[in-house]
Amino acid sequence: MILFGSTGSIGVNALKLAALKNIPISALACGDNIALLNEQIARFKPQFVAIKDSKNKHLVKHDRVFIGQEGLEQILTECQDRLLLNAIVGFAGLKSTLKAKELGKNIALANKESLVVAGSFLKGAKFLPIDSEHVALKFLLEGKKNIAKLYITASGGAFYKYKIKDLNQVSVKDALKHPNWNMGAKITIDSATMANKLFEIIEAYHLYDFKESDALIEPRSLVHAMCEFKNGASTAYFSKADMKLAISDAIFEKQDTPILEAVDFSKMPALKFHKISTKKYPIFKLKNAFLKEPNLGVIINAANEVGVYNFLENKSGFLDIAQCIFKALDHFGAPKISSIEEVFEYDFKTREYLRS
């Protein structure tokens, strides 16, 4: 396996699972956490290593260290392994997804932004989704016909129990306290704004070619997806909240290894499902427009990244994240995109506009 984003939450869990099944790791790539990378190198002995910045190269305990995006693509080209786990955060992961598709590799995809911004250019890629909701949908949809609607669930994020009027005052520390999942900073903020759920609905559309979908809040994160059929029946996928299950589905050939303790239905508390309030989560208002016009993805994602990182760096407030997205959409509208180069152009233009 080739693992990009090895020192993040997904990468660390993927390596635990790889060790469980003795899966060889041929390449590791990370951003700036060189200390953890060196531990991983010592444990897994990869053939290739890549880091973000050349200034840290002398710190890496490996003979073959590649640098930046060019280095990632060189590794993909040179490495014979057929499986890439792409856990790079954000738009930065797109070029690696595109290169892996070009090379015909299987892509265990934690980088949902690749599909959000460029799904129409990734048709035919061999994706293995690393998202609890999309793994759940895969199981629910297998061999099924006459589907009426798909649902994925959201926990509600760190501020599910907050009143709308209190969201003006929340801090970064508050926003990073996810009630159910242990994840990286960016996706935890996206969970709090509901941008993550918006992205997952678009991801589901690109993976399963089905637009009749919605999301509901299920605060315990025990139900991950539901499938409604035309005859009125429905099925649901239950599991405890742990990303190792989704990762194992992508990287293990057989699903015969105990990963989590099963849900004990006799002890399970009452489940409640709630509609997502677009007053509290204004970003989710974009769902229908986004499904109708997937090219909005590059604008929404770029603006979201600017807004989230401004918030994480204490340059703006939590509610400014949504305002950032709506400001960019007001300016750019729905772009006409006919080439992958234009995706990169609109990403750049959106970030420049919001920084000006």
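Placement of Cβ uses the backbone N, Cα and C atoms for every residue, glycine included.
According to Swiss-Prot, the protein carries these features:
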BINDING   THR7, GLY8, SER9, ILE10, GLY31, ASN33, ASN111, GLU113, GLY184  NADPH binding site
BINDING   LYS112, SER132, GLU133, SER155, HIS178, SER191, ASN196, LYS197, GLU200  1-deoxy-D-xylulose 5-phosphate binding site
BINDING   ASP131, GLU133, GLU200  Mn(2+) binding site
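Taking the Cβ of ASN111 (NADPH binding site) as reference, residues of its chain lying under 8 Å away and at least six apart in sequence are, in sequence order, GLY5, ASN86, ALA87, ILE88, VAL89, GLY90, GLY93, LEU94, SER96, THR97. Cβ environment of GLY184 (NADPH binding site): GLY8, SER9, ILE10, VAL89 lie under 8 Å away, each six or more residues apart in the same chain. Separation of the C-alpha atoms of LYS112 (1-deoxy-D-xylulose 5-phosphate binding site) and ASP131 (Mn(2+) binding site): 9 Å, rounded to the nearest whole number. Cβ neighbours within 10 Å of GLU133 (1-deoxy-D-xylulose 5-phosphate binding site), excluding its own Cβ and spanning all shown chains: 24.
Cα-Cα distance from ASP131 (Mn(2+) binding site) to ASN196 (1-deoxy-D-xylulose 5-phosphate binding site): 11 Å (rounded to the nearest whole number). Of the recorded residues, GLY31 (NADPH binding site) and HIS178 (1-deoxy-D-xylulose 5-phosphate binding site) place their C-alpha atoms 23 Å from one another. Of all the binding-site residues listed here (LYS112, HIS178), the one with the fewest other CB atoms within 10 A of its own CB is HIS178. For the pair formed by GLU133 (1-deoxy-D-xylulose 5-phosphate binding site) and THR7 (NADPH binding site), distance between Cα atoms is given as 23 Å, rounded to the nearest Å. Counting only same-chain residues at least 6 apart in sequence, those with a Cβ under 8 Å from the Cβ of THR7 (NADPH binding site) are CYS30, GLY31, ASN33, LEU36, LEU37, GLN40. Annotated Mn(2+) site ASP131, GLU133, GLU200; additional same-chain residues within 8 Å of its Cβ mean position, judged by their own Cβ, are LYS112, PRO129, SER132, HIS134, LEU137, ILE152, ASN196, LYS197, GLU203, ALA204, HIS224, ALA225. With LYS112, SER132, GLU133, SER155, HIS178, SER191, ASN196, LYS197, GLU200 listed as the residues that bind 1-deoxy-D-xylulose 5-phosphate, the site has a largest C-alpha separation of 19 Å. Each of the binding-site residues SER9, ASN196 was ranked by the number of other C-beta atoms within 10 Å, and first place falls to ASN196.
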